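Structure first, commentary second.
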Ligand SMILES: [Zn+2]
């Protein structure tokens, strides 16, 4: 449940993992039929189908089952989170934490802070079994993780510290609003949430990402030159490219253009450098630049703040009903009492669960825009299609339309490769790599 809140906030480093991929091709590592043949008239459907045909049988089933397991995990996370909330309320653990905070301090702010400093680690630890399955065992089962258990737990600990800090700030603000603006707290809460999200986007590349990975300047060479050239052509204010050691955690390829103002940074991970060709790197980086140029961070912060506002309104409207059943008789004095936080978080997680299609669609729309921007900026339809194909080990290639609408925060592999092949057919892209974005 806490995870939902954290996800909501942390997703807005959207830049941070938009394009991730898996292992090198388990199918054929050679050139695609489409790229090789270059027929006079390219049929995008046929070319896309050729990609689909490259992932068949067991590999395809594994990719589908990883994705489908992820859908179920949304439900398990909700149910497990509700169970934890029920436990904290019905055993009066939450009320005891509040009483402890009140004995320690007279000030309302300090009481909330003390409550938050106990609540966040406690719920994180109670959720640990599910987190361990989702983040460690499942990833290893599908061959996507490179982390040892000790390494995973170490990162879990760092994330816990960061989350505790962020939750404390968020809760101090939220309870101050609940006490002072009993009628309009939900609206101000949405505005405050947007502020926190924007702050996170700004500080994440500088203060949070380096807690998990080492960032180094990419050495001089063709890759760096081409990335910087594309950055200049698209008005991105950077003069350096970084790479980071993601291979210690995962086999996925990823890259990002993140930050705001002075913290803007282009970074790609070592998997991308090692597992893909220059046209693929150019295509992926151009997609990431699209997020930056199209101001997706700002737009998503705005949309998410509206979504959060809706969630806070949902809490306000359903509080009396829910508190009567689950909180009042367990020592919770009202909505502005921190002891009611488990109920508040439970209501928010129910709302976010129901809002999954909205959430997916908001992000998927931005990803579609970045894909098209990337094709135009890199002029690498084959490189893009190849990179997308590499994502297929953990992203279902061809979901049904309803499935894609509800669960996909990126367009499906089929849609993305089709967009690249259509671009190639219609824009008559010339040879990749040799001709960077010239008209
Ligand atoms: Zn993206």
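Heads up, the Cβ atoms here are built off N, Cα and C, so glycines get one too.
The annotation domain 'CAAX prenyl protease 1 N-terminal' is assigned in TrEMBL to 49-214.
For the domain 'Peptidase M48' (217-423), the mean pLDDT of the prediction comes to 93. Taken from TrEMBL, the feature domain 'Peptidase M48' applies to 217-423.
Annotated signal peptide per TrEMBL: 1-21, in sequence order.
What TrEMBL records for 70-89 (among others) is transmembrane segment.
Beyond the transmembrane segment (112-132), the same-chain residues lying 6 or more positions past its ends with a Cβ under 8 Å from any Cβ of the stretch are 1-3, 76-77, 80-81, 84, 87-88, 93-94, 97-98, 100-101, 104-105, 152, 156, 160, 163-164, 167-168, 171-172, 175-176, 338-339, 341-342, 345. What TrEMBL records for 112-132 (among others) is transmembrane segment.
Counting residues 6+ beyond its ends, the transmembrane segment (152-178) has Cβ neighbours under 8 Å at 2, 5-6, 9, 108-109, 112-113, 115-117, 119-121, 124, 128, 131-132, 135-136, 145, 185, 188-189, 192-193, 196, 200, 208, 211-212, 249, 335-336, 338, 341 in the same chain. Residues annotated as transmembrane segment in TrEMBL: 152-178 (among others).
Annotated transmembrane segment per TrEMBL: 185-208 (among others), in sequence order. Outside the transmembrane segment (185-208), and at least 6 residues removed from its termini, the chain residues within Cβ reach (under 8 Å) are 9-10, 12-13, 15-16, 162, 166, 169-170, 173-174, 177-178, 258-261, 263, 265, 267, 297-298, 301-302, 304-306, 308-310, 312-313, 315-316.
Sequence annotations record features per position, and here TrEMBL assigns transmembrane segment to 300-319 (among others).
The transmembrane segment annotation in TrEMBL covers 340-359 (among others).
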Worksheet item: Under an 8 Å Cβ to Cβ limit, what residues of the same chain, 6 or more beyond the ends of the transmembrane segment (340-359), are close to it?
Response: 1-2, 4-5, 8, 74-75, 78, 81-82, 84-86, 88-89, 94, 115, 119, 123, 171, 307, 310-312, 314-315, 318-319, 322-323, 326-327, 332-334, 405-407, 409
Worksheet, complete the sentence: Given the transmembrane segment (70-89), its same-chain partners at Cβ distance under 8 Å and 6+ residues beyond its ends are 1-4, 122-123, 126-127, 130, 134, 326-327, 330, 332, 342-343, 345-346, 349-350, 353, 356, 407
